[in-house]
Each structure stands twice: as structure tokens, then as C-alpha cells.
Amino acid sequence: MKIIEAAVSAPEAKIGVVISRFNKFINLNLLDGAISSLKRIGQVNHDNITVIWVPGAFELPLATETLIKTNKYDAIIALGTVIRGHTSHCEYIANEASAGIARISINNNIPIAFGLLTTENIEQAIERSGTKLGNKGSEAAITVLEMINVLKAIKLII
Ligand code: INI
């Protein structure tokens, strides 16, 4: 029997963080959580992290794909916040962002973490960006660290 379960340390990894400016006051906390986890938990070198700002969550997939095409990154963390309004506008944005990111990750065989908060209100977003319900940015960082090592192990062992 072979079992693959990887660690989360990836000191040599090159990580791109694509982040939305819309709801920036929340997203800055997601970024803080992501970078802190990359460095403290993943031991990722400060110089190997690139942060790219885009206007909104809808733009996350395009910037992510463009970054991947440079072939300089081992993983991408996509960060943003979509807060429900009075219309269905936010659903179109959240759906496109999530579908786009999933498609790009699979098509390019590269880990991309979906660090997009999709909440009913601002309070829920605050709770998930470094207060009582954790930090989605930090979770996203730990996810890509593990996935970098999982993909490596699959290629080595199987
Ligand atoms: N972008 C977000 O990141 N979050 C939102 O909640 C949001 N809402 O609700 O409108 C939002 N809109 C902007 C969108 O992502 C695009 O930047 C815009 O539509 C231009 O393409």
C-alpha cells in the first residue's frame, strides 16, 4: 500500500498572491494571514513571494492565469471578498471567480488556493479574516504549501 500525505514546509517555493482591491480593508487582513503562514509555517523566503493587486474578484482568474504562464511560480493564492448585496450581482462575480480559478488550476496542473470570502454581510467577512472564525488567507496559504508537496510526492513516488 502507498499512502501520500505531505508536510507543509516548502522553503524553496515561489508563490504568487493575487488579491482584489474591492473590499480592501478585509483583504489586507487575508493578505497578512497568508504571508504570515507562508513564512512562519512554510518557511517560504520573503523574496520568493509576489503580490499582485487587481480591481475585483472577477479579475482574479485572468491575473492568476497570466502569472502561471510566466512559469515562475509553484503555486498561487487568490484572495478577495464578495459580500452579498441587494441584487444577484455578487453571485455572478463569485461564480466566475471560483469556476475560473478551479479551471486554471486543473488545466495548468498547479495549486491555486481559493481564498475568496463569500459572505452575507461585512460582519461575517470580518469574522473570517483574522478574528473569531480564523483567517481564510492563512488557510489558503497552508493549502497551497501542502499541495505543492503533495504534487511533488505523487510525481516522485507513483
Ligand atoms: N468585487 C469583489 O471583489 N467583491 C464584491 O463584492 C464585488 N461586488 O459586490 O460588486 C466586486 N465587484 C467588482 C468586480 O469584481 C469587478 O472588478 C468589476 O465588475 C469589473 O469587472
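A Cβ is built for glycine as well, from the same backbone N, Cα and C atoms used for every other residue.
Among the features that TrEMBL reports, 5-amino-6-(D-ribitylamino)uracil binding site is placed at PHE22, ALA57, PHE58, GLU59, THR81, VAL82, ILE83, PHE114. Annotation source TrEMBL lists active site, proton donor at HIS89. Per TrEMBL, the feature (2S)-2-hydroxy-3-oxobutyl phosphate binding site maps to ARG128.
TrEMBL feature annotations superimposed on the structure.
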| residue | record | CB count, 10 Å |
| --- | --- | --- |
| PHE22 | 5-amino-6-(D-ribitylamino)uracil binding site | 17 |
| ALA57 | 5-amino-6-(D-ribitylamino)uracil binding site | 29 |
| PHE58 | 5-amino-6-(D-ribitylamino)uracil binding site | 19 |
| GLU59 | 5-amino-6-(D-ribitylamino)uracil binding site | 21 |
| THR81 | 5-amino-6-(D-ribitylamino)uracil binding site | 29 |
| VAL82 | 5-amino-6-(D-ribitylamino)uracil binding site | 25 |
| ILE83 | 5-amino-6-(D-ribitylamino)uracil binding site | 18 |
| HIS89 | active site, proton donor | 11 |
| PHE114 | 5-amino-6-(D-ribitylamino)uracil binding site | 19 |
| ARG128 | (2S)-2-hydroxy-3-oxobutyl phosphate binding site | 23 |
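Residues PHE22, ALA57, PHE58, GLU59, THR81, VAL82, ILE83, PHE114, recorded as binding 5-amino-6-(D-ribitylamino)uracil, reach a greatest CA to CA spacing of 16 Å. Contact annotation for binding-site residues (PHE22, ALA57, PHE114, ARG128) versus ligand 1: PHE22, ALA57, each with CB under 6 Å from a ligand atom.
Geometry remark: ILE83 (5-amino-6-(D-ribitylamino)uracil binding site) versus ARG128 ((2S)-2-hydroxy-3-oxobutyl phosphate binding site), CA distance 12 Å. It is 11 Å from the Cα atom of PHE58 (5-amino-6-(D-ribitylamino)uracil binding site) to that of the residue listed as 'active site, proton donor'. For the recorded site, PHE22 (5-amino-6-(D-ribitylamino)uracil binding site), the DSSP three-state label reads coil. Reduced to three states, the DSSP call for THR81 (5-amino-6-(D-ribitylamino)uracil binding site) is strand. Rounded to the nearest whole angstrom, the C-alpha distance between VAL82 (5-amino-6-(D-ribitylamino)uracil binding site) and HIS89 (active site, proton donor) is 10.
Under the three-state DSSP scheme, PHE114 (5-amino-6-(D-ribitylamino)uracil binding site) falls in the strand class. The DSSP secondary structure for ARG128 ((2S)-2-hydroxy-3-oxobutyl phosphate binding site) is coil.
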